[in-house]
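*Asks:* Supplied in structure tokens, the structure appears directly below.
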Amino acid sequence: MNGDIAVFAGNSNKQIAEEICTHLGIQSGKINLKKFSDGEISVKIEDNVRGKEVFIVQSTSAPANDHLMELILIMDALRRASVSSISVVIPYYGYGRQDRKVEPRVPISARVVADLIEVVGLDRILTMDLHADQIQGFFRVPVDNLHFAPVLAEYVNTKKIDDLVIVSPDSGGAERARAFGKKVNGSLAIIDKRRPKANVSEVMNVIGEIEGKNCILLDDMIDTAGTICKAADVLLKHGAKSVYCAATHGVLSGEAVDRINSTQFSEVVLANTIAIPESKKINKLKSLSVAPLFANAIQRIHTNQSVSTLFD
């Protein structure tokens with residue numbers, strides 16, 4: 001990698017940024033990030049970046065508002081420093097779940113965040129497993145949406161799990177589960193959630209054969225872990241031999257870690273798109289690095305090669 005490229009990291013996930021730089025064979029850019037006494041964010045770029053192709057690595061994870069504001073201030077500082085281009089690497093795109101109006105008088109937050117980022121000025125977005133594909137259309141610049149599936153499939157295949165079933169926790173994720181099943185030679189099952197009538201508890205039914213099978217619950221994120229833990233209990237109740245869980249983004253808010261710990265998961269596998277604090281690291285959690293994938297994509301962008309061929 002030549003000296004015409006620079007990678008800067010915000011505070012949200014410095015570890016993945018450093019791993020990306022290691023794979024690219026460069027040092028991360030020097031940046032001074034701090035807060036004033038009133039809570040406002042201060043940004044100063046310490047390197048000369050004039051004419052450089054710049055990549056900013058920043059997930060908009062919790063605290064989402066601070067990390068989002070930090071990102072757009074870094075973007076503005078670099079733009080005013082006369083860089084040649086800005087690509088924003090957002091391993092986890094926060095506010096992505098509010099991608100449409102589901103009831104009257106609510107915002108489409110994913111679009112608002114896209115507008116905020118775009119109005120500051122950038123040339124490209126690089127992200128991973130957006131909650132909704134239509135978010136790519138909220139930007140007028142190119143959006144490369146990378147996928148955790150190849151990294152996860154390689155890991156699962158090394159475990160050599162027999163009688164494998166990939167389970168979608170809802171009907172909306174069935175296509176994701178089916179596609180992943182082809183990568184790991186697993187069959188498909190779906191958990192169908194229904195509420196028979198008002199004020200009656202939600203009922204979970206399993207569509208597919210899971211008795212005596214090893215199941216992997218597959219989702220794009222784990223937030224409070226309520227749904228995924230209930231789904232695991234249902235699978236075990238229906239005779240599953242073991243239950244694993246895999247998701248790209250480990251949001252792990254609220255009592256998520258306690259719920260995971262008290263559920264009979266064999267293992268919960270996450271990408272490292274969100275930094276997990278030490279207080280939330282438990283034996284059941286396994287983190288797989290997607291830094292090499294991001295580094296490869298950055299290399300391809302820099303050399304004007306196809307990014308999509310990474311997943312052919």
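Glycine is treated like the rest: Cβ placed from N, Cα and C.
Among the features that Swiss-Prot reports, ATP binding site is placed at ASP38, GLY39, GLU40, ARG97, GLN98. Under the heading Mg(2+) 1 binding site, Swiss-Prot lists HIS131. Residues annotated as Mg(2+) 2 binding site in Swiss-Prot, with sequence analysis given as evidence: ASP170. The active site annotation in Swiss-Prot covers LYS193 and rests on sequence analysis. Sequence annotations record features per position, and here Swiss-Prot assigns D-ribose 5-phosphate binding site to ARG195, ASP219, ASP223, THR224, ALA225, GLY226, THR227.
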*Asks:* What is the separation, in Å, between the Cα atoms of ASP219 (D-ribose 5-phosphate binding site) and the residue listed as 'Mg(2+) 2 binding site'?
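*Replies:* The residue listed as 'Mg(2+) 2 binding site' has its Cα 9 Å from the Cα of ASP219 (D-ribose 5-phosphate binding site).
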*Asks:* Can you tell me how far the Cα of GLN98 (ATP binding site) sits from the Cα of ALA225 (D-ribose 5-phosphate binding site), in Å?
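*Replies:* It is 18 Å, counting Cα to Cα.
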*Asks:* For ASP38, ASP219, listed as binding-site residues, tell me which one has the smallest number of other Cβ atoms within 10 Å.
*Replies:* ASP38
*Asks:* Return only the integer: C-alpha distance in Å from GLY226 (D-ribose 5-phosphate binding site) to the residue listed as 'active site'.
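*Replies:* Cα to Cα, GLY226 (D-ribose 5-phosphate binding site) and the residue listed as 'active site' are separated by 13 Å.
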*Asks:* I'd like to confirm something. Which of the binding-site residues, ASP38, GLY39, ARG97, ASP170, has a Cα closest to the Cα of ASP223 (D-ribose 5-phosphate binding site)?
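*Replies:* Nearest in space to ASP223 (D-ribose 5-phosphate binding site), counting only the binding-site residues, is ARG97.
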*Asks:* How big is the gap, in Å, between the Cα of THR227 (D-ribose 5-phosphate binding site) and that of GLY39 (ATP binding site), rounded to a whole number?
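*Replies:* About 35 Å separate the Cα atoms of these two residues.
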*Asks:* Can you tell me how far the Cα of GLU40 (ATP binding site) sits from the Cα of HIS131 (Mg(2+) 1 binding site), in Å?
*Replies:* 30
*Asks:* What whole-number Å value do you get for the CA-CA distance of the residue listed as 'active site' and THR224 (D-ribose 5-phosphate binding site)?
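*Replies:* Cα to Cα, the residue listed as 'active site' and THR224 (D-ribose 5-phosphate binding site) are separated by 18 Å.
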*Asks:* State the count of C-beta atoms found within 10 angstroms of the C-beta of the residue listed as 'Mg(2+) 2 binding site', not counting that atom itself.
*Replies:* 15
*Asks:* For ALA225 (D-ribose 5-phosphate binding site), which of the three DSSP-derived states applies: helix, strand, or coil?
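*Replies:* Where ALA225 (D-ribose 5-phosphate binding site) sits, the three-state DSSP reduction gives coil.
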*Asks:* Could you check the binding-site residues GLU40, ASP223 and say which one's CB has the most other CB atoms within 10 Å?
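*Replies:* Of the binding-site residues GLU40, ASP223, the highest Cβ count within 10 Å belongs to ASP223.
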*Asks:* Among the binding-site residues GLY39, GLY226, whose Cβ has the fewest other Cβ atoms within 10 Å?
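*Replies:* GLY39, out of the binding-site residues GLY39, GLY226, has the fewest neighbouring Cβ atoms within 10 Å.
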*Asks:* Taking only the Cα atoms, work out how far HIS131 (Mg(2+) 1 binding site) lies from ALA225 (D-ribose 5-phosphate binding site), in Å, as a whole number.
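*Replies:* Their Cα atoms are separated by 16 Å.
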*Asks:* Distance check, please: Cα of ARG97 (ATP binding site) against Cα of ASP170 (Mg(2+) 2 binding site), rounded to an integer number of angstrom.
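*Replies:* Rounded to a whole number, the Cα-Cα distance is 15 Å.
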*Asks:* Provide the number of Cβ atoms within 10 Å of the Cβ of THR227 (D-ribose 5-phosphate binding site), excluding the reference atom itself.
*Replies:* 18
